[in-house]
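Asker: Quick one: this structure, given as structure tokens, is what I'll be asking you about.
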């Protein structure tokens with residue numbers, strides 16, 4: 001079992017990392033060219049007004065004061081206000097609206113990747129060096145080589161434009177308005193009991209999940225294969241077979257649990273690529289998650305939103321890896337030392 | 001025996017070792033890795049050919065009047081023409097030059113930075129090690145494409161695609177630093193390091209002549225795997241609007257324009273061919289990187305992010 005001490009230690013280690021992350025975000029924003037005061041005041045504003053805006057924002061304070069204030073704000077979850085979106089909307093509100101959309105997409109993409117990637121990887125390892133193995137490996141390598149921003153549009157062209165089976169973009173049909181409760185559209189449509197809206201949401205998600213899932217599937221099947229190949233060679237597997245167990249049962253009972261251990265870590269590490277993929281997927285399919293939010297905010301020099309979004313992405317990534325580390329220690333208690 | 005001949009003997013024996021290297025023979029017996037090498041060589045040849053043959057300003061200029069606009073692929077225009085009536089074929093070839101050039105600079109810069117930091121961290125240990133590696137940890141706690149997106153904004157827009165190169169260099173450096181530090185620590189444990197120190201080798205000499213060569217294998221694998229990633233990420237940044245300037249014949253830009261203006265009006269070839277070449281090139285590097293890793297150590301796990 002996982003000891004509380006281990007979890008506590010990992011949580012404490014989180015503090016310096018988050019502190020570092022906040023520092024990097026602060027540094028990036030302050031190194032960016034462009035004057036936020038000018039952005040807010042507008043190009044044609046008088047110099048006095050620009051100066052007034054600047055001092056209201058505290059941008060003429062010494063850098064260290066701004067830094068300390070920033071850390072304080074972040075610690076109290078105050079991410080400032082957007083320069084652009086309905087001028088003055090708190091960044092945390094915008095993020096809370098958009099985040100569930102991205103998480104929904106990312107989770108389903110990861111799930112699709114696991115569902116297909118793990119069995120393929122196991123198959124590939126068990127049938128090592130057969131045509132099935134070669135096919136899976138080449139397929140997986142192709143899967144990580146094809147950019148989402150190429151496969152996505154091509155799939156839209158095929159399934160939406162030519163075959164007319166699926167919608168081209170967006171997250172749900174424009175005729176539906178669903179009161180956000182959880183923010184997860186699939187859940188909210190079900191809560192509202194609106195089956196037509198739910199169906200529309202599912203249909204809109206199909207292609208994005210496939211595009212995002214292919215990449216994850218490719219990565220996971222590679223990882224699962226190499227881990228499984230390693231495990232099959234181990235002595236305890238031979239012993240199990242020698243005891244007279246069928247090779248299928250051996251693989252299932254003894255192999256999987258051990259082969260999963262490195263795969264779990266990799267799921268954590270790859271969560272970063274999943275989030276990056278989600279940003280590209282959202283752009284391709286015009287989905288209003290935090291990926292498109294970030295890209296728009298950078299384009300409009302909306303610094304507080306850029307800052308908040310990047311911070312949230314990093315925290316999400318770090319937390320997922322924390323959970324992964326703890327899960328890992330459940331599978332392999334030796335890790336705690 | 002003078003020291004000169006001594007080091008000569010050592011060098012010769014390294015060359016001999018490489019010749020009889022199980023690494024190379026194993027790599028070359030791997031059909032997938034050889035396919036990767038063939039693809040990479042073909043792309044590099046195309047890139048150099050395009051750079052020497054085509055005039056960039058001709059490729060940038062609109063060609064209304066000379067060519068039909070958005071013409072489907074044909075004998076005259078193998079990859080069709082785009083919305084500015086430009087022939088897509090030479091533009092896609094020129095894109096190979098951009099990919100090779102910017103990809104190489106990104107990988108070379110992040111390798112150099114990462115190797116330097118990793119070796120210094122391993123060798124000096126203590127505070128230096130902590131300072132360097134904790135900074136790397138922080139950089140690694142951002143999803144890579146998102147950190148690159150945020151970093152792109154700190155470089156002036158005039159730099160164009162070099163902004164993407166600079167941002168991605170910073171993003172990739174920590175991975176190299178980690179790999180190299182690990183390898184260097186192993187080398188430092190070996191007895192020959194103590195022996196060299198005892199013989200009076202200076203720190204820089206020890207680092208460059210003795211520790212670095214022994215870390216080359218993991219560095220090479222990591223670089224190759226990162227090459228494909230660099231090319232795909234540079235194109236991704238262009239696709240999202242950060243990097244190449246409009247009309248520039250990079251694969252990312254052509255893809256972005258083709259999807260935005262051509263795909264749904266029927267001109268699928270506008271984005272299809274740049275994307276195809278991009279995917280093939282990345283596949284080439286992944287095939288080679290994969291083969292190298294297997295040849296080096298079948299148990300070595302990848303850390304693709």
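Each residue, glycine too, has its Cβ placed from N, Cα and C.
Curation plays no part in TrEMBL annotations; they are all automatic predictions.
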Asker: In TrEMBL, which of B:67-95, B:96-124 is tagged transmembrane segment?
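Answerer: The listed stretch tagged transmembrane segment in TrEMBL is B:96-124.
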Asker: For the transmembrane segment (B:136-155), I need the partner stretch with the highest count of C-beta pairs below 8 angstroms, choosing only from B:32-50, B:96-124, B:227-247.
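Answerer: Comparing B:32-50, B:96-124, B:227-247: B:227-247 has the most Cβ pairs near the transmembrane segment (B:136-155).
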Asker: Report, as numbers and ranges, every residue of the chain located at least six residues beyond the transmembrane segment (B:227-247) whose Cβ falls under 8 Å of a Cβ in that stretch; write 'none' if there are none.
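Answerer: For the transmembrane segment (B:227-247), the list is 60, 84, 98-99, 102-104, 106-107, 144-145, 148-149, 152-153, 160-161, 163-165, 167-168, 172, 253, 255-257, 278, 281-286, 289, 304.
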Asker: Counting only residues 6 or more past its boundaries, what in the same chain has a CB within less than 8 Å of a CB in the transmembrane segment (B:32-50)?
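Answerer: Same-chain contacts beyond the ends: 90, 93-94, 96-97, 99-101, 277, 280-281, 283-292, 294-295.
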